[in-house]
Amino acid sequence: MYIAFEGVDCVGKSTQIELLKKCFKDAIFTKEPGGSELGVHLRKILLESKMQFSKKAELLLFLADRANLIDIHLVQNKNKLIISDRSFVSNMAYAKFDFDQNILFDLNSFATGGFFPQKIVFLHGSKELIEQRLSKKNLDSIEKRGVEYFLNIQNALEETLEILKTKIDIKILKLDASLSIENLHEKIKEFIND
């Protein structure tokens, strides 16, 4: 089973994934971007570089990472539990302001070969929560875009998930990121085991 965690920065995806590593020791854990050697380099370029990219170039770099990760690492483990920090859903949500959703879905279908998550854990945060957590960290180039940007992305994630429910067989668990870490963890484990 392939499970992806979605949500904007600072909603606790990484925290929950770290907790799951203790419960599901045989699972494959990955992230997008950066789940493969190519992805590590692309992530560094995209998030830390001072280089400027066109929106189309940025989209294609994310797609290249996804294609490589899925073809080389995930498909061969498709019969295992795979847990990913982000997936094509983020790509579609982040790019929806610049590209048609149908084109984005088709590009992601091509890049993934149709290998999509069966379950999505969507962590949703309030403006106050995101603001508070962003203020406590060193920001990368995307995080520097600010709270309003992340609220727009969060709305785009929700819209994208609604669209995807009509296109692919997917189960979605939406959780309030302000719940306690333990409460979130229990709900997520139950969803995975269901």
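Even glycines carry a Cβ here, placed using N, Cα and C.
The model shown is predicted, which means the values in this text are computed figures rather than measured ones.
A C-beta separation below 8 Å, combined with a sequence spacing of at least six in one chain, links CYS10 (ATP binding site) to GLY125, LEU129, ILE130, ARG133, LEU134, LYS137, PHE150. In three-state terms derived from DSSP, CYS10 (ATP binding site) belongs to neither a helical nor a strand segment and is classed as coil. Under the heading ATP binding site, Swiss-Prot lists GLY7, VAL8, ASP9, CYS10, VAL11, GLY12, LYS13, SER14, citing sequence analysis as support.
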Check: same-chain CB within 8 A of ATP site center, minus GLY7, VAL8, ASP9, CYS10, VAL11, GLY12, LYS13, SER14:
LEU123, GLY125, ARG133, ALA177
Fewest other Cβ atoms within 10 Å: which of the binding-site residues GLY7, ASP9, VAL11, SER14 wins that one? Let me know.
SER14
